[in-house]
Amino acid sequence: MEAAEGSENYDGIQVLLSREVIDTAPQCPHGPTLLFVKVSQGKEQGRRFYACSACRDRKDCHFFQWEDEKVSQARLAAREEYNKSHQPPMTHAEYARSFQEFTALPLAKRKFCCDCQQLLLQTNWETHSRHRVLGDISLSQLKRPSQLLHPLENKKANAQYLFADRSCTFLLDTIIALGFRRVLCVGTPRLHELIKLRACKGTTPPIKSLLLDIDFRYSQFYSEEEFSHYNMFNHHFFGGEAAKLVCQKFLQEEDGNGALLVTDPPFGGLVEPLAFSFKRLREMWKDSNPENANNLPIFWMFPYFFESRILQCFPDFAMLDYQVDYDNHALYKHGKTGRKQSPVRIFTDLPLDKIVLPASEGYRFCSVCERFVCSENKHCDICNRCTSKDGRSWKHCSQCKKCVKPSWSHCSACNHCALPGHPCGTAGDGCFLCGGKGHKRRGCPHLSVSADGERMKRNLKQRSIKGNMKKQPTATTSKKKKRKRNNPC
C-alpha cells in the first residue's frame, strides 16, 4: 500500500492512495470510495476504512465500510441498486437529444424549471406546473448555463464558486498568450463557457475545451464531446469507458501539443486525492507520446495556505500572486484590501516570467525574482525574494531568519513569530490541552479525568430537559429514521 505521493505523515485521518486501491474499492453514488486510516506520530492507529471521496460529511453520503469487513451478497446488491437510484435520471445521450428538441422550439415555448434545475419540453410542463418556471429562454442564455443554474453550495461536498468575469477573462487571455489551443477544464464551467463564446464570435484564435465536472446538470447543455460527468477526487468518469476515451482523444490531439489542464477544486477537498487524479490525467495525455519528457501543464486554483501541501505533491509547481475572484463568494471578490482579499492563487509548473499579470490591477514585475508580483509584495534583500503570500507587505524577522506577516511579532518564549497575545506553548506537534508530546487533545489523559465528567453532566442535563419537553415525534423525523434504516451503505 502506498500513501499519497508527496504526502507527509501527520496526526489525524490520512488517505491511502494507489491505482490498485481505487480500482478495487467499493463504490458509492460518487464512484470508487477512498481508503482512510487514523495516523498518530506517523503510525497507523486502528482499522482502515472506506468512505466517500467527494463528501466530507456522512449526512451527504452515508457510505462507510471497514477495509477488512465481510459484506454479504444481499448488501452488495442493495448497495448497487442504491447507487443506481442516485444517478442522473437520463443518460448524457438522452440529454443531448432533449437539448436539440429544446433549441428547435420557438422562444415562447422554451422554459426552465428553477426548482428542478431542468430545461422543460412541452411534455414536461404539466409535471412542473406548480414550480417556479422561467420562460423565454434565449439561445444566448443557453450558452451561459452557469448563470442559469443555481450554484451548488454545500461546503462539505461540491461547493461551486464561479469565476468572476474579470478573473475568467484574465485566465483565457493568458492561455491564448501562452499559445495553448486546447483546454481541459476540470471544475471550471465559467472558463469553458467563455472559450466557447469567443469561438462562436471568432474574435480569438480557435481554442477547444472539454469540461469535466461533478455537476451532471451541465449534461443538459453540452454534447458528450464538450462535457463529461467526472469526480476529480477519485478520477471517476460516470460515463464509463466511452467518456474516458473522449477525454483521452481530446488530450492526445496533435500528439498532445498545445494542451493545458485548468482546475478549480472545492477548497475543502483533500489535496492528495486531487493531485493523484491530475497525475492520472497527465498519464492519459502522455500516452500519445510516451517519449516526451514534458508533462501536461497545469493551472490549479487553490488558497495560498495550501501551498506546502501542493508542493509536496508537485515539487515543480510555483504560486502566482494573482488573486482569483469569484462572483458568488462573500469574501473572494475584487476590490477588497488587506486580509479580506481573495486568498485563492494560481499554482502552475509553467515559467512564472512568461505569465504577465495586469498592471491595471496593481501588479508589477520584479526584475530580481523575474516574475510579476502584487504591488504590496516588497522584495526582501535578505531572503532575496518577494515573500508575501496574502497581498500585504511582510516584514523580515532576523531571529526567525525569514519574512513574516505584518501583524506578527517575535515571541521569545515560543522562539518564533506569532500573533501578539497568543497562548504560548500550545503550538507544535504535541497536545493542545496540556502541551505534552506523544498524544493529541482527543487522547489527553487530563481530558479524560476532568473534562469528561463535566461533559457527562452536561449531557445528562440536556437529556432531562428534552425528556421534560415531552415533544411528540413529527412525520419528518420518522421519515428520516426510516430512510436511515433503508440505507444499504
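Numbers run from 1 along the shown chain.
Note: Cβ is positioned from N, Cα and C throughout, glycine not excepted.
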Taking 141-158, 393-410, 429-446, 447-464 as the choices, which stretch does Swiss-Prot tie to zinc finger?
-> 429-446
Record-annotated S-adenosyl-L-methionine site (Swiss-Prot): member among Asp173, Asp213, Asp287 besides Gln160, Tyr161, Leu162, Phe163, Arg190, Asn231, Met232, Asp264 | Asp213
Write down the one residue from Cys52, Cys113 that Swiss-Prot lists together with Cys28, His30, Cys61 as binding Zn(2+) 1.
-> Cys52
Just checking: which of His379, Cys386, Cys400, His410, Cys411, Cys414 have a Cα that is within 10 Å of the Cα of Asn231 (S-adenosyl-L-methionine binding site), counting only these binding-site residues?
-> none
Taking just the CA atoms, what is the gap between His379 (Zn(2+) 3 binding site) and Cys397 (Zn(2+) 5 binding site) in Å?
-> 14
Per DSSP, to which secondary structure element type does Cys414 (Zn(2+) 6 binding site) belong, with helix, strand and coil as the options?
-> coil
State which of the following binding-site residues has the fewest other Cβ atoms within 10 Å around its Cβ: Leu162, Cys386, Cys414, Cys424.
-> Cys424
When the Cα of Cys400 (Zn(2+) 5 binding site) is compared with the Cα of each of the binding-site residues Leu162, Arg190, Cys386, Cys414, Cys424, which one is closest?
-> Cys414
